[in-house]
Amino acid sequence: MTDGRTLTFGLFLGFVVVTLAITVWARATTKGADDFYAGGRMFSGARNGVALAGDYMSAASFLGIAGIIALSGYDGFLYSVGFLVAWVLTLLLVEPIRNAGRFTMGDVLARRAPDRAPVRTAAAVSTVTVSVFYLLAQMVGAGALVSLLLGIRAGHRFLGMSAAAARTTTIVAVGVLMICYVMFGGMKATTWVQIIKTVLLTAGAAALTGLVLGRFGFDVSAMLGSAADASGSGAGFLQPGQRYGRDVPGDTYRTVVGKLDFVSLALALVLGTAGLPHIVTRFFAVPDARAARTSVSWAIGLVGVFYLMTLALGFGAAALVGRHAILAQDPSGNTAAPQLARALGEHAAGRVGGDVLLAFIGAVAFATILAVVSGLVLASATSLAHDYFGQVLMLGRPRESQEVAVARFAAFLVGSLAIVLAVVARNLNVAFLVALAFAMAAAANLPAIVLSLFWRRFTPGGAVAGIYGGLVASLVLVVLSPVVSGKVDPVTGENLSLFPKGVDFHLFPLENPGLVSIPIGFLCAVVGTFVTRGKADPARYDDLAVRALTGVGSH
Amino acid sequence: MVWGARPARRGPEREGGAGPGHYAHDARFVLLRRRYARLAAGVALGFLGWYFGYVALSGFARGLMARKVAGNVNVALLLGLLQFVSTFALAGLYVGYARRRLDPLAARLRADAAAAAAEQAREPR
């Protein structure tokens, strides 16, 4: 075990050294705002597409989905489908956004506003809120992961640290590294970190997939059958209903609520992706809208192939590692993929093989987390410096060097905030924050983007109302939902909420707010258009429409 | 220099003369917009309908989803895989259509705008 841990640590250290070297190079070549926010817009469509896939494939999708498939079978697959089909909507919106904006979503919205300040402020607030929630989920996850991957249990020590200390150290180390990448290397360094991570992640998943399928003679049906047999649920393992929308016999209300909850999650995934700040920011790292479209095509291909491979990883883990062994390591199944790696390696090359493969997958998981959090910090820093500082505080007339300096400082600020929050929340179950981030992106950002681009009568007041309405609705509904209070495992009586057992103020039955908060976001945008002062300016709409679809005057 | 030395940003108010909005009623732009709107609406409704149909079947038609198709592969798994296939296909169709029917129109409008801007730059002010 110790050898494997040292190897994981060594491989990850290698990744860190290479990426820091890239950061030093990026620092030297990053001069102005275009360089810092958009990597000089010099990335090719394909390269940026690889990075885009990297921004999207978080550890939650790699370890999380593999784990859900390993424990709940088909439902984990059902979950992964939403993450992929969401890209169709993104493909439809990428060119208009790239053409109309400069660095951020706020640029697109502000095109229709004579007074930019309220819209820019709202865009920055939404960007930072969504990013910080997503960051928090990733960083707390990193802390939990290190104890699992390095095999540190209570009472054991690694490099002289106890499990609790290792957890905090990991969160801080991940945070400091992401701040370094973004502060010094801006978009250039972040993009290269994403590219390397995507290559490693895809290679790792492909190696495991090949080994899994090889074990079953490349017969997918045999793999599925073996997974179903080992799961203890038989054929039900390959059918819907193990995890999402479970049928509760004799309780129609809970059955329906469970099913609506999944529809709500699916809605947030499908509509949220195109509004995620770190995805939108990446549209601007290419020379023009055509290249941005190529990026999204590449991302669709890579993300799709990756999720198909998680199918083999998840079912493979169910068949080869087994439910009990997975549950014993981590009740939520996050270690299914690493455990599978070890089992496959051991089968192929004995104990050393197991250690090596586990070490590789563990290092890939850390690289994945590090890359995703960097993208999120960059998106927040860009929006704070460009939308808020540059356009609101400096009235649209900042000095470029000044704005970039503020962006670097904002990266430090947001990164530090995320570290502090993650350390405070390190022992809480915050996995729901990923779904919340998608729901907020769908409820707050998507209405503003879509209506700005395509509705002639839409006003800046509507955009502001839609953003705040969608954000607040999502947040309030989650606070009042069972993920925050009052959810108890019906069998074991174990507390499944954020708040301790006994505290119960939940009023909203669904765990995912999207089903209600996304319509509220759209509704606020429409109502805001009619009730706030100021009419839509047709000249500005014409200007935006022509820019968005043709690229005339784009940056 | 405080604000002036770097090239002025191309906002609508700084464009000098006709901005991009000038082309809003150009027949080519109207055609481009109509094509994009039809395409985007069709693709969006098609994929949302197909995806949520699949989600609904997973939630409410479990008997159908459990039916075996080949070996251990059942309807649920097959429809899930078809979601992947259809996403790739829709993306391919959209990109192909955009290349053939949208890009050339947009390129011509961009060329016109560039020529008009060059013209304006030549005129003494």
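Each position is counted from 1, following the chain as shown.
Each Cβ is built from the backbone N, Cα and C atoms, and glycine gets one as well.
Annotated features in TrEMBL:
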type     : residues  : note
TRANSMEM : A:49-71   : transmembrane segment
TRANSMEM : A:77-94   : transmembrane segment
TRANSMEM : A:121-152 : transmembrane segment
TRANSMEM : A:164-184 : transmembrane segment
TRANSMEM : A:196-218 : transmembrane segment
TRANSMEM : A:262-284 : transmembrane segment
TRANSMEM : A:296-321 : transmembrane segment
TRANSMEM : A:356-384 : transmembrane segment
TRANSMEM : A:405-425 : transmembrane segment
TRANSMEM : A:431-455 : transmembrane segment
TRANSMEM : A:462-484 : transmembrane segment
TRANSMEM : A:514-531 : transmembrane segment
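Using a Cβ-Cβ cut-off under 8 Å and counting only residues 6 or more beyond its ends in the same chain, the transmembrane segment (A:121-152) has close neighbours at 1, 4-5, 8-9, 58-60, 63, 104-106, 109-110, 158, 161-163, 166-168, 170-171, 174-175, 276-278, 329-330, 334-335, 338, 358, 362, 365-366, 369, 372-373, 376-377, 379-380, 383-384, 387-388, 392, 414, 417-419, 421-422, 425-426, 428, 430-434, 436-437, 440-441, 444-445, 448, 463-464, 467-468, 471. Of the candidate ranges A:77-94, A:262-284, A:296-321, A:356-384, A:405-425, A:262-284 has the most C-beta pairs within less than 8 angstroms of the transmembrane segment (A:514-531). Proximity of the transmembrane segment (A:77-94) to the transmembrane segment (A:356-384) is not established, fewer than 3 Cβ-Cβ distances being under 8 Å for residue pairs spaced 6 or more apart. Taking every recorded stretch in A:196-218, A:262-284, A:296-321, A:356-384, A:431-455 and counting its Cβ pairs under 8 Å to the transmembrane segment (A:405-425), the highest total belongs to A:356-384. Long-range contacts of the transmembrane segment (A:431-455) within the same chain, counting only residues at least 6 positions beyond its ends with a Cβ under 8 Å from a Cβ of the stretch, are 58, 60, 64, 93, 96-97, 100, 105, 108-109, 111-112, 122-123, 126, 129-131, 133-134, 136-137, 141, 264-265, 267-277, 280, 332, 462-463, 466-471, 473-475, 478, 483, 511-514, 517-518, 520-522, 524-526, 529, 544-545, 548. Using a Cβ-Cβ cut-off under 8 Å and counting only residues 6 or more beyond its ends in the same chain, the transmembrane segment (A:356-384) has close neighbours at 4-5, 7-8, 10-12, 14-15, 19, 37, 54-55, 57-59, 62-63, 103-106, 123-124, 127-128, 131-132, 134-135, 138-139, 141-142, 145-146, 149-150, 174-175, 177-179, 181-182, 186-187, 190, 193-194, 196-198, 200-201, 204, 207-208, 277-278, 280-282, 337-338, 341-342, 344-345, 348-349, 406-408, 410-411, 413-415, 418.
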